[in-house]
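Feature list (source: TrEMBL):
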{"type": "BINDING", "residues": "His39, His73, His107, His143", "note": "heme b binding site"}
{"type": "DOMAIN", "residues": "2-199", "note": "domain 'Cytochrome b561'"}
{"type": "SIGNAL", "residues": "1-27", "note": "signal peptide"}
{"type": "TRANSMEM", "residues": "36-58", "note": "transmembrane segment"}
{"type": "TRANSMEM", "residues": "70-89", "note": "transmembrane segment"}
{"type": "TRANSMEM", "residues": "109-127", "note": "transmembrane segment"}
{"type": "TRANSMEM", "residues": "139-159", "note": "transmembrane segment"}
{"type": "TRANSMEM", "residues": "174-197", "note": "transmembrane segment"}
Amino acid sequence: MAPSFCRCPSLSIVLICISLLWTSAAAEGGSSELHLNAHAILNTVGWGILLPCGVIVARYMKPFADPAWFYAHITFQIFGYAMGVAGWVTGLNLNDEDATGGDPGKHGAIGGVLFGICTLQMLALFLRPKKEHKIRKVWNLYHYALAASILILGIINIFEGFEIMSPPAKWRRTYIGILVALGGIAIMLEIVTWIYVCRKKRYSQAALHGATVGGTYHFEKGAVG
């Protein structure tokens with residue numbers, strides 16, 4: 001049975017509203033530096049860390065923890081989307097004069113496209129068909145294509161933001177370190193997952209073969225490593 005999604009969009013909306021209220025309060029205070037830092041932190045954590053973590057969870061937890069992977073995936077994506085949207089809206093209140101380099105126009109355009117794609121991706125909560133439905137393959141293609149676009153654009157725009165803000169080098173190095181760590185975790189989990197899936201498939205084939213021999217499990221030599 002497919003889980004209910006009624007609370008997920010509501011939670012996202014609540015988080016976004018809280019972030020927008022905070023943004024409005026900051027604007028009244030007239031703190032450009034506060035706005036700039038909030039924009040950078042919200043976008044980096046939302047688009048650049050939480051969303052990639054959600055993809056890793058969906059990719060590698062599924063064979064081991066079903067359906068827990070799904071709820072973990074949704075949690076990461078909702079919080080990532082909420083923070084990313086809050087950061088994007090915060091950026092709308094910034095002036096290009098605050099830039100110390102880079103191309104603010106390009107950064108803003110990528111941010112707008114990213115917001116649109118992420119919003120379409122969130123609609124997957126309502127459009128997700130059941131596994132046996134005939135359009136499930138089409139939905140999977142839609143979902144995976146948007147996910148890849150979001151990851152690529154999100155990371156590119158974060159580095160565009162670094163060029164504009166020109167923060168101390170340690171912040172750029174820290175984010176690069178996080179990306180390297182996430183990439184290393186993904187590679188390691190990819191290997192573990194493939195080993196697990198392949199061994200599970202081999203055991204299943206061996207069990208099926210054994211079931212056809214006198215109704216008992218007789219494994220061929222070397223069938224299972």
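Quick reminder: no glycine exception, Cβ is built from N, Cα and C everywhere.
Nobody curates TrEMBL annotations by hand; they come from automatic prediction.
When the record's heme b-binding residues His39, His73, His107, His143 are compared pairwise by CA position, the greatest distance found is 27 Å.
Take the CB of His107 (heme b binding site) and look out to 10 A: across all protein chains shown you find 22 other CB atoms. In this structure, the binding-site residues His39, His73, His143 were compared by how many other Cβ atoms lie within 10 Å of their Cβ, and the smallest count belongs to His143.
In the predicted model, the domain 'Cytochrome b561' (2-199) has a mean pLDDT of 83.
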